[in-house]
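Shown next, in structure tokens, is the structure this report addresses.
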Amino acid sequence: MMHIALIGGGGHSKVIQDMIQARNDLTVAAILDDKYPSLELENGVYTGPVSSALSLAGGMDRLRFVIAIGDNRTRCAIAMRLGLRPDRYMTLVHPRAYVSPRSVIGHGAVILANAVVNAGAAVGDQAIVNTGAIVEHDCIVSGYAHIAPSATLTGGVKAGTGAFVGAGAAVIPGKTIGDWATVGAGATVIHDIPPRTTVVGAPARIVKYNETGDDFDVEADRPETNFFVQPAYERQRKSVY
Ligand SMILES: CC(=O)SCCNC(=O)CCNC(=O)[C@H](O)C(C)(C)COP(=O)(O)OP(=O)(O)OC[C@H]1O[C@@H](n2cnc3c(N)ncnc32)[C@H](O)[C@@H]1OP(=O)(O)O
């Protein structure tokens, strides 16, 4: 049995708790959220503020963490702040998702129910492929990106670091969504999308240039957090997910 500490106690966390319940090899050991003032143990589950992740990590070698927060910047900020080794984060795949054995999935990445990650695709550390989203063959979903429910990345699309692709959006083959760019719900992307822009509509057009002041330079700060890791088949062999 693998013990999981969830960082975040909101809506995305609830979905991940259900997902853990749907698997008989995992159990929720902690839910950490700043709404909890201090670390407590009740009915075998710890609750406490996010910062208590460090004491739990130090005390329990085999505990694995998942940052169960849908917002990319918040997820990234917490990973940077905690500074845990990438392999302390669990890769979670819902039992009813399809993940090709010829894809690679990063540490702390979460693939939710009915999602598909097809052959040759790579999903980076701390990325989310949400309910029913499709990541087609040879796509790259970079670290801290989030592909929202029912969005479709067709073949060979690259979603940059921290990119967000809204619910039901579609991206035609081979296009790039820039780092920290946002694609609105239902958009149809037919051109490359520059970093840190917001696009909406069909075809998708830029409506906003996002502020850059609080952006994270993930590559420079913690290069190891944005790596793709060993092939999915190897992880399966080791029962990592
Ligand atoms: C399980 C889960 O829930 S996972 C989360 C999934 N969440 C999503 O998919 C949300 C996706 N978010 C959106 O679509 C948002 O509307 C965003 C991010 C594109 C824009 O949000 P904001 O930055 O707040 O922009 P704002 O609401 O001011 O809209 C800017 C303009 O774009 C238009 N617009 C916003 N979203 C869309 C959209 N999805 N499609 C078409 N036009 C849109 C607005 O009408 C507005 O136009 P106007 O300036 O002519 O009035």
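Keep in mind that glycine also has a Cβ here, set from the backbone N, Cα and C atoms.
Automatic, uncurated: that is what TrEMBL annotation is.
Annotated active site, proton acceptor per TrEMBL: His137, in sequence order. If you look up TrEMBL, you'll see Gly70 marked as substrate binding site. Taken from TrEMBL, the feature acetyl-CoA binding site applies to His146. Annotated domain 'PglD N-terminal' per TrEMBL: 4-82, in sequence order. According to TrEMBL, the site 'Increases basicity of active site His' annotation covers Asp138.
Gly70 (substrate binding site) has His146 nearby among the recorded positions His137, Asp138, His146, counting only those with a Cα within 10 angstroms of its own Cα. In this structure the alpha carbons, written CA, of the residue listed as 'acetyl-CoA binding site' and His137 (active site, proton acceptor) are 17 Å apart. Checking the recorded positions Gly70, His137, Asp138 against ligand 1, the ones whose Cβ sits under 6 Å from it are Gly70. Within its own chain, the residue listed as 'active site, proton acceptor' has Asn118, Ala119, Gly120, Ala121, Gly155, Gly156 as residues 6 or more apart in sequence whose C-beta sits under 8 angstroms from its own.
Counting every protein chain shown, 19 other Cβ atoms lie within 10 Å of the Cβ of Gly70 (substrate binding site). The DSSP secondary structure for His137 (active site, proton acceptor) is coil.
Every protein chain considered, the tally of other Cβ atoms within 10 Å of the Cβ of the residue listed as 'acetyl-CoA binding site' stands at 26. When other Cβ atoms within 10 Å of the Cβ of Asp138 (site 'Increases basicity of active site His') are tallied across all protein chains shown, the result is 20.
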